[in-house]
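Here the structure is laid out as structure tokens; the discussion comes afterwards.
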Amino acid sequence: MQQRQSILWGAVATLMWAGLAHAGEASPVDPLRPVVDASIQPLLKEHRIPGMAVAVLKDGKAHYFNYGVANRESGAGVSEQTLFEIGSVSKTLTATLGAYAVVKGAMQLDDKASRHAPWLKGSAFDSITMGELATYSAGGLPLQFPEEVDSSEKMRAYYRQWAPVYSPGSHRQYSNPSIGLFGHLAASSLKQPFAPLMEQTLLPGLGMHHTYVNVPKQAMASYAYGYSKEDKPIRVNPGMLADEAYGIKTSSADLLRFVKANIGGVDDKALQQAISLTHQGHYSVGGMTQGLGWESYAYPVTEQTLLAGNSAKVILEANPTAAPRESGSQVLFNKTGSTNGFGAYVAFVPARGIGIVMLANRNYPIEARIKAAHAILAQLAG
């Protein structure tokens, strides 16, 4: 009897040990975690960020690192499926949609904007191209619409009366009304409204099945709350051409799929050509070269150069344009994005096969995002 009990307990112990060993194998520590934690943990503390989803691409493999909460009230944790507002990172998808319209023959970047909107005939947009709208070089359109422009009728009236401050193409003035109009007219050239075209054609083609302009009821539980400077839960408000300029909500997993598509391509030939078109430089401002949506730098790139290209001077002021710089075979593409309650950053280097997505539910300084991402990418490239 005693021998049988010894055998039984031995068998149980063996099974328990095997189970523990198997559990250990199922969740090994990601070798990149110390690298990511070293940059992200101090960021969360310093800027009181409730939650952040970081996704990293290296050697074709996705790595996910999630921190904090998506909703302070419910305590729901952040995951790679949590939906964040990505603000102006949306512009890279709007640009891809516009490039897709070009590839499909619905429009050309050299087309005058009024060609695709009869209501613009006789305005300054008879002399401004679609490409200039896409690259913020229409001649000084402002960062935002004036507050009183709160309807489609007022929006059309605003564009019809607007007069350029600079010759089209001569200056970059970062502008939601500029790329917003580009996205609106690009969708019109394909005979569809922007949001359905984005959600039903472009996003599925990119494999982004958990990305939305308008978050549907069944996905609302995944939609994080942003937090204001006063720590109040907030989400983006509707606005004129908000969908086109800063309206996308997505997860770190989906946004990394977009990065992967920009690095390795997609099966859809037209969509692949569109992605390639967004990478082409139109002009340079300092060390930054402006593509469609994406902004690029010769790689390797210093932290200082990245900070300069994403500085308040570049974002808020008009800057003279120069011929696009020759960047060689290695290029870093990046884009920042913010809403009142969210802060995003995306960067990738196709030649190295590395990329990073950082999504937070607080709008924290762009400088801090750049420094953290640059440090992580440097380790990935090493």
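Glycine is no exception: its Cβ is also placed from the backbone N, Cα and C atoms.
Quick look at what Swiss-Prot annotates:
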| type | residues | note |
| --- | --- | --- |
| ACT_SITE | S88 | active site, acyl-ester intermediate |
| BINDING | S88, Q144, Y174, T336, S338, N363 | IMP binding site |
| BINDING | S88, Y174, S338 | AMP binding site |
| BINDING | S88, Q144, Y174, T336, S338, N363 | GMP binding site |
| SIGNAL | 1-23 | signal peptide |
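Shown on the structure are the features that Swiss-Prot records.
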residue : record                               : DSSP (3 states)
S88     : active site, acyl-ester intermediate : helix
Q144    : IMP binding site                     : coil
Y174    : IMP binding site                     : coil
T336    : IMP binding site                     : strand
N363    : IMP binding site                     : coil
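Within 10 Å of the C-beta of N363 (IMP binding site) there are 23 other C-beta atoms, taking all protein chains into account. With a cut-off of 8 Å between CB atoms and residues at least 6 apart in sequence, the same chain places G87, S88, V89, N310, A344, Y345, I366, R369, I370 near T336 (IMP binding site), listed in sequence order. Taken over all pairs of the listed AMP-binding residues (S88, Y174, S338), the Cα spread reaches a maximum of 14 Å, rounded to the nearest whole number.
When other Cβ atoms within 10 Å of the Cβ of Q144 (IMP binding site) are tallied across all protein chains shown, the result is 14.
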